[in-house]
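Enquirer: Sharing a structure below in structure tokens format, with a few things to ask.
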Amino acid sequence: MAAQADDELNKLRLNGQNGEAKEQVSASAVDTADNDDSEDDEKEEEGGAEVAATEAAKKKKKRKPKKKKKGGAKKQSSPPRVPVSELFPNNQYPEGEIVEYKDENNYRTTNEEKRYLDRMNNDFLQEYRQGAEVHRQVRQYAQKNIKPGQTLTEIAEGIEDAVRALTGHQGLEEGDNIKGGMGFPCGLSINHCAAHYTPNAGNKMVLQQGDVMKVDFGAHINGRIVDSAFTMTFDPVYDNLLTAVKEATNTGIREAGIDVRMSDIGAAIQEVMESYEVEINGTTYPVKAIRNLNGHNIDQHVIHGGKSVPIVKGGDQTKMEEGEVFAIETFGSTGKGYVREDMETSHYAKAQDAPNVSLRLSSAKNLLNVINKNFGTLPFCRRYLDRLGQDKYLLGLNNLVSAGIVQDYPPLCDIKGSYTAQYEHTIVLRPTVKEVISRGDDY
């Protein structure tokens, strides 16, 4: 409408100028009877000026304003391939959900000091928010497009390729994956398997209509890992199981805060989780919190920072502290509520406190060099080594595990025939509020 309104104004101006020109020409015609030749020349000059003014007005009318070039992409592609830095060229990413602390400790610092500390942490927060935006956009696509009949390899690689594209780090050059990309391998744990399962090369497993699949993946910018997970099902019979776990995770987020004891969070989570039950094939199962799985704090380039957030009552009296980052995750099961290591290992990470030992196997030495340059202390899986062109590395990898340099993380499973679910968010304990970095419209 604005362009149309400008045209109408130009027409009115042009008509006004033409009208004035006609009146002036008529007046000049009356005066010519008594005027000499020099006056005729002046009339012609005035008429020429009026015509020139009219022509200029016409040209002005025709001249269209130049359209400003739009900088950067305005929306995400499908599948996601546009780096989020192009969607947010000012590098200001959306805040997560802001949650007030339940019982603010006024003695800690003044409100003004807290606000100052928040401003000082801006770069730190922007890196987390960028990773969170990557996670939200990738999982939005995944939730819409993952269907029964797809292989787990296809699903995992689709998610991982999207994360690498949106962070702008493909991870194929030395050091690139340490700057940004996958925070840890995409976990796709099915049914009784609760965590740490991703397909190795050659895996032919296919997602089935009746499966309960936990999708757990991380995106990082400069080692700021956003760890978030959700559960996918294709049968409403599992709805209560998913609701129980989702509500338990939200309870953990609500209870978390500066100076809060881990044990208190675990008790609140368990109370909510185990208030649910689910009916499957005519049998009613109580939903049990998996007592030997926990949430955890996150350090830079380190997914498990040393503190654990239990999901059952009792135990750890450790407190959360200001400035810490936590992955609040809960797991519910229709089985025993206890997991054991099972199936083929796929997840690995170099130990933070890796011992300086002499390695005899050249394959182990070479592989450690690859791990140091491409992952550091970030978790990786066998497919990532394949992607970097490594082959015949299993002997060397097992040697690094035996030496305590690399930690293996086998899949964790409840009893066969049971179903498990997971929901997880990353939160930052800011001085003034807690920010649920990974929160989205989906969960």
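Cβ atoms are placed via backbone N, Cα and C, with glycine included.
So Swiss-Prot has the following annotated:
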- 1-90: region 'Disordered' (REGION)
- 33-48: compositional bias 'Acidic residues' (COMPBIAS)
- 58-73: compositional bias 'Basic residues' (COMPBIAS)
- His196, His304: substrate binding site (BINDING)
- Asp216, Asp227, Glu424: divalent metal cation 1 binding site (BINDING)
- Asp227, His296, Glu329, Glu424: divalent metal cation 2 binding site (BINDING)
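What does the local environment look like for each feature on the list?
Expert: Long-range Cβ neighbours of His196 (substrate binding site) (same chain, at least 6 residues apart, Cβ-Cβ under 8 Å): Gly187, Ser189, Ser346, His347, Tyr409, Pro410, Pro411, Leu412. According to DSSP, His196 (substrate binding site) sits in a coil region rather than a helix or strand.
Other Cβ atoms within 10 Å of the Cβ of Asp216 (divalent metal cation 1 binding site) number 26 in total over all chains.
For Glu424 (divalent metal cation 1 binding site), the same-chain residues that are 6 or more apart in sequence and have a Cβ closer than 8 Å to its Cβ are Asp216, Asp227, Ser228, Ala229, Phe230, Thr249, Gly295, Ala327, Ile328, Glu329, Thr330.
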Enquirer: Who sits close to His296 (divalent metal cation 2 binding site): which same-chain residues at least 6 apart have their Cβ under 8 Å from its Cβ?
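Expert: Once residues fewer than 6 apart are set aside, His296 (divalent metal cation 2 binding site) is near Ile303, His304, Gly305, Lys307, Ser308, Val309, Phe326, Ala327.
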Enquirer: Using the centroid of the Cβ atoms of Asp227, His296, Glu329, Glu424 as reference, list every other same-chain residue with Cβ within 8 Å of it (recorded divalent metal cation 2 site), in sequence order.
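Expert: Filtered neighbour residues, in order: Asp216, Ser228, Ala229, Gly295, Ile298, Phe326, Ala327, Ile328, His425, Thr426.
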Enquirer: Have a look around His304 (substrate binding site) and count the other CB atoms within 10 A of its CB, chains all included.
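Expert: His304 (substrate binding site): 20 neighbouring Cβ atoms within 10 Å.
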